[in-house]
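Participant: TrEMBL feature annotations, pasted as is:
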type: ACT_SITE; residues: A:E81; note: active site
type: ACT_SITE; residues: A:C144; note: active site
type: ACT_SITE; residues: A:H168; note: active site
4 protein chains.
Amino acid sequence: MKRILLTGFDPFGGEQSNPSWEVVRRLDGLLIGDSHQIVSARLPCEFVNSLLILDVALRQHQPAIVICLGQAGGRADISLERIAINVDDARMSDNAGAQPVDVPVVSGGPAAYFSSLPIKAIAQELHLSGIPASISQTAGTFVCNHVFYGLMHMASSMDSIQRAGFIHIPYLPEQAVAHTGAASMPLEMLKTAVLKVLESVLKTDKDLRIAGGATH
Amino acid sequence: MKRILLTGFDPFGGEQSNPSWEVVRRLDGLLIGDSHQIVSARLPCEFVNSLLILDVALRQHQPAIVICLGQAGGRADISLERIAINVDDARMSDNAGAQPVDVPVVSGGPAAYFSSLPIKAIAQELHLSGIPASISQTAGTFVCNHVFYGLMHMASSMDSIQRAGFIHIPYLPEQAVAHTGAASMPLEMLKTAVLKVLESVLKTDKDLRIAGGATH
Amino acid sequence: MKRILLTGFDPFGGEQSNPSWEVVRRLDGLLIGDSHQIVSARLPCEFVNSLLILDVALRQHQPAIVICLGQAGGRADISLERIAINVDDARMSDNAGAQPVDVPVVSGGPAAYFSSLPIKAIAQELHLSGIPASISQTAGTFVCNHVFYGLMHMASSMDSIQRAGFIHIPYLPEQAVAHTGAASMPLEMLKTAVLKVLESVLKTDKDLRIAGGATH
Amino acid sequence: MKRILLTGFDPFGGEQSNPSWEVVRRLDGLLIGDSHQIVSARLPCEFVNSLLILDVALRQHQPAIVICLGQAGGRADISLERIAINVDDARMSDNAGAQPVDVPVVSGGPAAYFSSLPIKAIAQELHLSGIPASISQTAGTFVCNHVFYGLMHMASSMDSIQRAGFIHIPYLPEQAVAHTGAASMPLEMLKTAVLKVLESVLKTDKDLRIAGGATH
């Protein structure tokens with residue numbers, strides 16, 4: 001049985017919950033087809049510790065597929081991140097009080113890593129399931145991008161990992177209540193979305209070529 | 001048994017469905033408590049015929065409560081309209097090909113009507129249920145505002161109507177798929193929201209005073 | 001010589017300046033053609049005192065035309081307000097510490113007043129001058145709408161006033177510096193815009209019928 | 001005399017002008033201090049030819065500093081791009097009819113290049129001058145990012161180039177007239193902004209560390 005590692009984050013920025021952990025914890029242990037099983041891990045919203053814990057989880061579970069999820073408060077759809085960049089630039093402190101500015105995630109690492117998820121095929125799969133989704137050209141420069149970059153860096157030297165990437169998800173509706181006018185997505189739809197993502201990852205050898213870019 | 005009239009619209013603007021009709025048609029006939037029953041009516045997205053059909057429904061069902069619903073593509077929450085204004089100003093044609101510009105809804109009518117729904121109490125009820133909602137200061141100048149104004153004008157001379165108003169709702173997720181980055185709300189949540197709205201209307205005598213305005 | 005009364009507001013919400021007063025104070029005393037002269041007045045950003053001072057200015061100057069201006073932080077263009085509504089609903093305190101919620105501007109007054117400025121002709125004039133402008137369907141429910149409603153209410157009983165209305169303008173660039181990503185308009189362009197507005201008001205007898213509405 | 005190469009683009013996407021070319025052509029030949037002179041070049045909005053022409057300009061002028069500018073319709077401020085990524089993914093055709101999807105800018109090139117402009121010092125300089133500006137984490141995946149990546153790739157093997165990067169600028173006001181509600185910046189302010197950028201580049205040895213990131 002191959003492992004699929006899903007990670008979600010602790011709440012941050014004054015929130016009581018984080019939709020990324022709420023969704024992945026409900027999928028922990030689930031079998032996908034007869035060949036893969038989900039393992040869910042919780043990451044702190046901290047620059048340093050998030051990657052230490054991700055590293056432990058990667059070594060422990062030796063997953064074939066890794067998808068880290070994070071909250072993108074204000075975005076309205078499933079946001080398939082294209083690229084992780086080698087910089088931390090925090091506008092607020094992480095949960096440990098750290099606020100790195102213009103520091104590389106990995107000193108001496110490449111400027112960026114592209115996701116190895118088939119993001120265009122995933123977007124199409126989600127659309128066919130009636131779930132709003134789009135390609136994102138930036139995962140920001142906070143802990144989400146940090147984890148995404150760190151994941152891709154570690155994955156680049158772990159042959160067991162076939163696919164790895166990062167997905168941002170909207171607020172839960174109960175969070176959006178406190179942010180007037182903010183978009184949200186219910187937990188049930190998020191769960192369905194993640195399962196559709198995995199279905200697409202498992203059945204896609206070569207990603208589709210469908211336009212999903214941004215003019216600027 | 002008192003009647004609650006809910007109305008939804010036909011699709012417009014190239015959409016295949018309209019969330020307002022999708023939700024209210026699923027509530028048709030439902031009993032609310034042991035005193036009220038929902039009647040659902042479908043309005044064409046046409047300036048002239050929408051009000052003719054609403055007028056027939058009001059006379060036929062003699063409702064105690066009337067809530068018209070409409071799609072607000074791009075808005076992210078349940079949008080409780082505060083006021084209907086006496087002007088049609090259409091940026092696109094309605095479904096009958098009409099595009100009135102700067103014409104009153106009712107010639108000689110007052111400049112505006114306020115909703116008689118307890119919109120602040122409703123917002124609070126929705127928030128407590130984990131459903132994003134906010135007060136809107138404008139229902140636009142297209143068919144939605146036209147129906148809202150027409151409803152309030154007719155209600156002003158029908159003693160049987162105790163509460164009347166208009167609520168805008170977001171795209172359904174399957175619609176948002178075609179509008180990259182647009183917010184949406186699933187049908188189940190919309191149904192729950194409308195039921196919570198009715199619950200709040202029935203139990204509220206005097207609206208709450210909770211800030212819900214806009215700076216501009 | 002007929003008078004044109006322009007008003008601007010004090011800074012509020014933590015700002016150091018208010019573009020509305022910055023622009024109108026620079027136009028004070030200016031002759032428009034050989035028949036009209038501008039008088040500029042500064043209003044406090046306070047529910048009660050703003051209308052007291054506006055009332056004094058109207059009696060003192062007996063203007064033929066009155067345009068009140070206000071800051072709409074975040075809007076990107078010259079925002080020609082269509083309608084003032086009879087409600088105060090403040091999300092924050094005014095400069096005197098008052099925060100009215102769901103209180104009428106004028107008890108017993110009509111639900112709303114439409115602007116008597118030729119807003120469509122003005123929009124066209126500004127566009128031809130290369131200045132972004134649009135019709136706004138709501139002036140909010142804070143002090144700006146309060147002054148707009150109060151102005152139209154007073155004007156309704158003053159025969160000397162031929163045209164009256166309200167215009168929202170963006171942040172100045174130096175204000176937008178503190179609001180990452182916010183739109184702005186430089187003072188010179190704002191001055192040009194106000195002069196174009198007046199030119200349009202003076203030459204327009206009957207407003208144009210050009211679509212300028214909102215779908216919702 | 002050292003050269004500063006500034007580039008702007010042809011209009012695209014149905015526009016009649018491109019603010020990037022409008023501003024840089026007005027600065028062509030200008031002396032900056034007594035050591036540098038601006039040379040301005042116009043690039044076609046075409047994936048293939050833009051880099052061919054940039055390559056010629058780099059060889060011809062041997063600039064010490066290169067800043068490419070492009071239009072970001074809808075953005076409100078001077079947008080200092082942090083990173084160029086090695087992918088073209090066009091949602092619309094370029095001016096030559098090409099629409100590459102998920103093709104690298106430079107086959108075998110690194111995933112990304114960071115700007116070598118002191119973007120934080122520039123942002124501070126602009127803010128002190130009252131000009132809205134911010135750091136952008138993505139230049140998109142259209143011709144602007146293509147040119148930015150190509151520039152950084154060429155610069156990486158040209159020792160004469162000390163600083164290179166890309167800046168997105170808003171619509172001109174006369175363009176924004178056709179895009180209701182879109183932000184804009186007048187040409188005079190854009191010129192001042194570019195001169196302030198150059199002033200900052202010339203006087204900054206080591207970039208400042210000021211937070212300028214994005215949470216997602």
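Just so it is clear, glycine is given a Cβ too, placed from its N, Cα and C backbone atoms.
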Participant: Measuring Cα to Cα, tell me the gap between A:E81 (active site) and A:H168 (active site) in whole angstrom.
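Facilitator: Rounded to a whole number, the Cα-Cα distance is 7 Å.
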Participant: Taking the Cβ of A:C144 (active site) as the centre, count every other Cβ atom within 10 Å, in any protein chain shown.
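Facilitator: The Cβ of A:C144 (active site) has 29 Cβ neighbours within 10 Å.
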Participant: Round to a whole number and give the Cα-to-Cα distance in Å for the pair A:C144 (active site) and A:H168 (active site).
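Facilitator: A:C144 (active site) to A:H168 (active site), Cα-Cα distance: 8 Å.
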Participant: So if the criterion is CB under 8 Å to a CB of chain D, which of the active-site residues A:E81, A:C144, A:H168 qualify?
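Facilitator: Near chain D, the qualifying active-site residues are A:C144, A:H168.
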Participant: Same-chain residues six or more away whose CB lies under 8 A from the CB of A:H168 (active site)?
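Facilitator: Residues satisfying the criterion: A:L69, A:G70, A:Q71, A:A72, A:R75, A:I78, A:S79, A:E81, A:S136, A:A139, A:C144.
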